[in-house]
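Features reported for this protein in TrEMBL:
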type: DOMAIN; residues: 84-211; note: domain 'Purple acid phosphatase Fn3-like'
type: DOMAIN; residues: 218-318; note: domain 'Purple acid phosphatase N-terminal'
type: DOMAIN; residues: 329-540; note: domain 'Calcineurin-like phosphoesterase'
type: DOMAIN; residues: 572-629; note: domain 'Purple acid phosphatase C-terminal'
type: SIGNAL; residues: 1-23; note: signal peptide
Amino acid sequence: MESCNWVLLLVFFFFFFFFITSSSSTYGTHTTSPLEVVISNTTAMHRNFTAVSEFRLINRQKLKDCSASSPSLKINIISSNPSTFSDDEFVTVTVTGVSNPSNDDWVAMISPSNSNVEGCILNELYYLQTGDTSKLPLLCHYPVKAQLMRNDPYYISCKKKECTTIGQCTCGGSIKFHVINIRSDIEFVFFSGGFLKPCLVGRSIPFRFANPYMPLYGHLSSIDSSGTSMRLTWVSGDNKPQQIQYGNGKKVTSTINTFSQDDMCSTVALPSPAKDFGWHDPGYIHSAVMTGLKPSSIFSYKYGSDLVGWSKQILFSTPPAGGAADELRFITYGDMGKTPLDDSEEHYIQPGALSVIKAITDDVNLNKVNSIFHIGDISYATGFLAEWDYFLQLISPVASKLSYMTAIGNHERDYIASGSVYITPDSGGECGVPYETYFPMPVASKDKPWYSIEQASIHFTIISTEHDWSQNSEQYQWMQKDMSSVNRVKTPWLIFMGHRPMYTSSSGLFSTDTKFVEAVEPLLLENKVDLVLLGHVHNYERTCSVYQSVCKAMPKKDAIGVDTYDNRNYVAPVHAVIGMAGFTLDKFPDTVNNWSLKRISEYGYLRAHATRTDLNLEFVNSNTREVQDAFRITK
Ligand SMILES: [Fe+2]
């Protein structure tokens, strides 16, 4: 979504090294060094690259040394245990001894607490921007989250005044942080000066998690179309094999995966967050496949080990087998991300994610939903690795209960010179590595994230819009082979999914890639794809039966007024953009393309119900739970 200004990058590259070689004699005085000028300019570059909040940029600020300004300052942490955090809790952080409360005072949650600039790459040169690196190492690691002290309504007015016997008074306040088990210890650090001119005033003692090895955030996925095997993937600080115990006495041992800073992408000119200040140790990602299950059935499982602990017992359902006569109910959306449960700032917040995940959780608990398809832009961690843990925790109420299938998006994969089609740095340097590790899909091999899967009457062809899709590319040939070999007697429906849209009314940054459309759209028609579900644009939009921007057929209203596409006489696919699951919504322009039949800029998700002759789709507004659009495709 964000365009990369290569000219700017190139200019920066040359100027960076020019100033590095010419600035050493001036640094150490209080005059602004050329290097500082260059570094402060990177703020603008980072803003352009990820288009996010002031908080996102704080590691680009020069810190002032003000550590002696509040000698009586104390930061106290109240958690459910006396000295440790549980796996998921709201922690109260109380700051006392503040001489002059300000609207610009804030508290950062930083992990690990022993973050040290000496371990940072290019620390001497690159971290001059943090001021005195020997005294102020903290912003070497980006805060997981932060809050302004004024979130306590009594803070600025000093209603919590404390006075000494000699009449010297100070102020204080308390704020709550949602803390989940991210394994490494945490400290809370008090800054004045706001996010743009941070000044370190004081820090808490480090707090540990009671069990940093706890197995957490288990999420399921299908490994094939049989409905008899399900993969569970989970996170733990423990690098020894663990187990899933499931069904009646079955068990399977995990394989263990992880990734390191060395696996992240970066550039010399502008280090990526993933490689640099956004890095957070992911622990160990365990994965194991439960086999011998029955399709469309309910089983229970728990995961972990006697050594480090077990998850609670969880009930999950298997999807129907491909070709089975069963009905299929699935939920699908793109561009979800996460919303903090507290009042914190984070580097990238998706305001609608919480509402959507709540609505989906209710849907899954109340109705028989078989599976979920999340079609790209998954967590928006984009190089701030601790945010994957928060995302996995957010989706766990549903992802631990049914098959959570994914497609890759630009915010998981794209990075300069890393093999992505688009060379924007939208993944923040992750270049697909954390995504592939957290969401192992049934793909042919590493960094080839396209696959197909069948459930009941539907064949799903799921592609990567971020990898080469041009004619004669490996992915193109796979698409051609996959879709042309679908047995339409076994699975009458063919649904095509990926991340970037072919039809959207949004323009500018969101306009479609005409090369992508020219290359891939003919395959959809040739193979009689019924429905195309894509995201990336943050709203909901449905088309007519469309090909090359021309409506080949229009739906007709059925008896209850639902738009119905008659695919007994197939003419072209129906497209829907479904990127409305969390990211700030995109508005629609006033002009309406004739192929665009429905446009909704609200948070929500698409709910599908398929029989062998009817494919029913509903756009559900997650705030009101209203169905704001319904359409049918019939055979
Ligand atoms: Fe996207």
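Glycine residues also receive a Cβ, built from the backbone N, Cα and C atoms like all the rest.
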**OP:** Could you give me the DSSP helix, strand and coil counts for the domain 'Purple acid phosphatase C-terminal' (572-629)?
**Re:** 0 helix, 28 strand, 30 coil
**OP:** Using DSSP, tally how many residues of the domain 'Purple acid phosphatase N-terminal' (218-318) sit in helix, strand and coil.
**Re:** 3 helix, 44 strand, 54 coil
Original post:
If you average the pLDDT over the domain 'Purple acid phosphatase N-terminal' (218-318), what number do you get?
Top reply: 95
